[in-house]
């Protein structure tokens with residue numbers, strides 16, 4: 001069972017007081033709103049608020065306006081006739097209306113206020129421009145034209161007026177300004193021009209001297225390089241001569257080929273077509289004892305080995321280029337000499353190797369076995 005206390009708690013009493021205060025404030029606000037809304041209605045007496053006015057169509061509104069215009073309560077609005085085109089400024093319209101009057105003085109914030117005295121003094125303040133003759137003729141030429149008294153001589157055609165090709169308005173202005181300038185300013189300008197010309201001449205001389213020094217340095221460098229190259233070439237030639245002297249006869253070069261020594265040996269190379277062993281033995285046996293004879297029929301050549309080298313040299317001298325039994329022979333000492341040691345007797349087993357060599361005169365004594373086709 002829940003027990004509810006008969007009285008209100010402190011929090012409930014505080015909330016109830018706040019609620020009563022809010023009610024009072026709300027009533028006061030409603031009263032103020034009513035007074036503000038009833039104020040304009042009581043002052044005018046006729047005006048109504050926009051919310052209270054009835055909504056009227058455009059057609060009914062135009063009819064009501066026409067009736068009011070007819071009754072004279074409202075005057076009709078007149079349309080202004082405007083000229084179509086560009087707008088003209090008011091100052092221009094004033095000038096067109098009153099051409100005798102000058103321009104109306106108006107305030108221009110960014111324009112400098114000038115008086116008549118300042119207008120007269122302005123041309124004297126402007127920097128004097130050189131005349132056309134002075135701009136074309138250098139100051140050095142003008143110094144030459146100066147007389148002994150220091151007065152400037154007349155320019156060509158100056159007495160007759162400006163030259164024909166330079167009849168410009170700029171020349172007239174320049175002559176007027178130069179005539180108006182005092183003689184002191186002229187002398188200052190002349191001295192200033194003289195100093196400028198002197199400075200320019202000095203700078204030119206300095207540049208010329210610098211260029212000359214640079215050219216001299218370049219020439220010296222070139223001469224040094226040439227001397228270095230010459231010394232290098234001399235050193236190379238000396239080194240080559242030293243190498244030649246060191247190598248002597250053992251040196252081989254393509255530019256100076258040396259003649260080889262003649263070959264020596266006891267084996268001969270024989271070339272000829274349709275050669276036979278009997279032909280070779282009959283042709284070469286008179287010159288010495290033959291210890292080996294080998295044939296190479298596909299190449300039409302043969303090798304003949306003597307016991308002594310002297311017999312081989314004699315055979316080459318007599319049989320080279322001769323014709324034996326209608327066979328032209330070419331005889332030379334062979335490049336390879338395999339049986340030289342055996343022939344000279346330096347090797348113990350040389351004779352046996354020569355006798356049993358595959359290219360020697362040894363023939364196989366075995367009989368060849370031939371089988372019948374039936375097997």
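Quick reminder: no glycine exception, Cβ is built from N, Cα and C everywhere.
Of the candidates 9, 36, 131, Swiss-Prot marks one as phosphoserine, and that one is 131. Checked against Swiss-Prot, the residues 115, 135, 169, 326 yield a single entry marked phosphoserine: 115. Note on Swiss-Prot: of 30-58, 291-319, the range annotated with the feature region 'Disordered' is 30-58. Residues in the compositional bias 'Basic and acidic residues' (186-260) partition by DSSP class (helix H, G, I; strand E, B; coil) as 65 helix, 0 strand, 10 coil.
Within the chain carrying the coiled coil (7-36), a Cβ under 8 angstroms from the stretch's Cβ atoms is held by none of the residues 6 or more beyond its ends. Checked against residue 185 (phosphoserine) by C-alpha proximity, the modified residues 191, 278, 285 yield 191 as the nearest. The Cβ neighbour count for residue 278 (phosphothreonine), using a 10 Å radius and every protein chain shown, is 9.
Across the domain 'RRM' (266-336), DSSP assigns 25 helix, 26 strand, 20 coil. Each residue contributes its Cα atom, and for residue 187 (phosphoserine) and residue 285 (phosphoserine) these two points are 129 Å apart.
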